[in-house]
Ligand SMILES: Cc1cc2nc3c(=O)[nH]c(=O)nc-3n(C[C@H](O)[C@H](O)[C@H](O)COP(=O)(O)O)c2cc1C
């Protein structure tokens, strides 16, 4: 299978399946001499790790990362960095029915249509277990651009939105929803619990902001920073929408309302608004780069759904096993990792062309 690699100058390739012995990433093109250890990667994996609250899947994976190559005496050598995470809590018996019938909303039918043969255990390669490898790779990207702060949070669950007046950065890591609004986090307990107990699921919107991105990173036309970020985030499992800055809401504004007026500042221009999400013409303006990512409701639900078998007979399937009632929650560290990757890649590309 091709297309397992992401990035232009700075690239990672992920490997592994949901129920294989391990999964991981090979990072290539990392500059040499960067301080890197497993301790720099583990905290990001711990944020994505399953089974940390009742609001996520109960699959118990320690997600301990090992660096197998590319680092010597605590510094990157410029050679491929191989990262490995063992799978320890696979229960393939949960998936016996998936071998025979396709789960709607999953990649089962599409993979069969393309390859004619698939590892159906836990979704195989299409499982979001793969996103653990992205998060490990994203930690390397963060080490390449330590001057950039990348922060994501859940903005809404099942359409219930946070109040930005109540935004408290310290709250994001203080509740199981990565929610910056304490009152919204309390409401979400009932919403996600309700979905979990009834075997249903809900969708979510994840917002992400990168600060410290200097004006000039990015590229025109076919590698616009907006399109690189969109490609990165849309490649995440269950993502169905992406917006930069005001996104779709900008289409309802007038030109006056949507302007990002400029005044002279001390160290460069001062912008009075940021409707454009910190990007103009595909290139960063130096303002915060802001985006939103829409996650669909988890496809695995207990209610039987109409489907067909591999041999074309009509049947129904209810997806048992352990699942996230709201995949957007654990999507937060994955979005951060992909954004970190794009920005580190663009930093190296900018240095390559413009010095
Ligand atoms: C962190 C994360 C965890 C996920 N966990 C589940 C899950 O437990 N059950 C499920 O049905 N889908 C889960 N998904 C989504 C599926 O992997 C995804 O919907 C499926 O592979 C089909 O791909 P698509 O939705 O991108 O088309 C998860 C996604 C992410 C990002």
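Each residue's number is its place along the chain shown, starting with 1.
Backbone N, Cα and C define each Cβ position, glycine as well.
According to TrEMBL, the features are:
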type	residues	note
BINDING	48, 54	NADP(+) binding site
BINDING	125, 126, 127, 237, 238, 281, 296, 297, 298, 299, 300, 322	FMN binding site
Exercise. Do me a favour and check the Cα-Cα span between residue 296 (FMN binding site) and residue 54 (NADP(+) binding site); whole Å is fine.
Key: 19
Quiz item: What Cα-Cα separation, expressed in whole Å, is found between residue 125 (FMN binding site) and residue 54 (NADP(+) binding site)?
Solution: 25
Quiz prompt | Largest tally of Cβ atoms lying within 10 Å of a Cβ, found at which of the binding-site residues 127, 300 | solution = 300
Self-check item: Cβ neighbour count (within 10 Å, all chains shown) around residue 296 (FMN binding site)
Solution: 17
Quiz item: In the structure shown, with every protein chain counted, which of the binding-site residues 48, 54 has the densest set of Cβ atoms within 10 angstroms of its Cβ?
Solution: 48
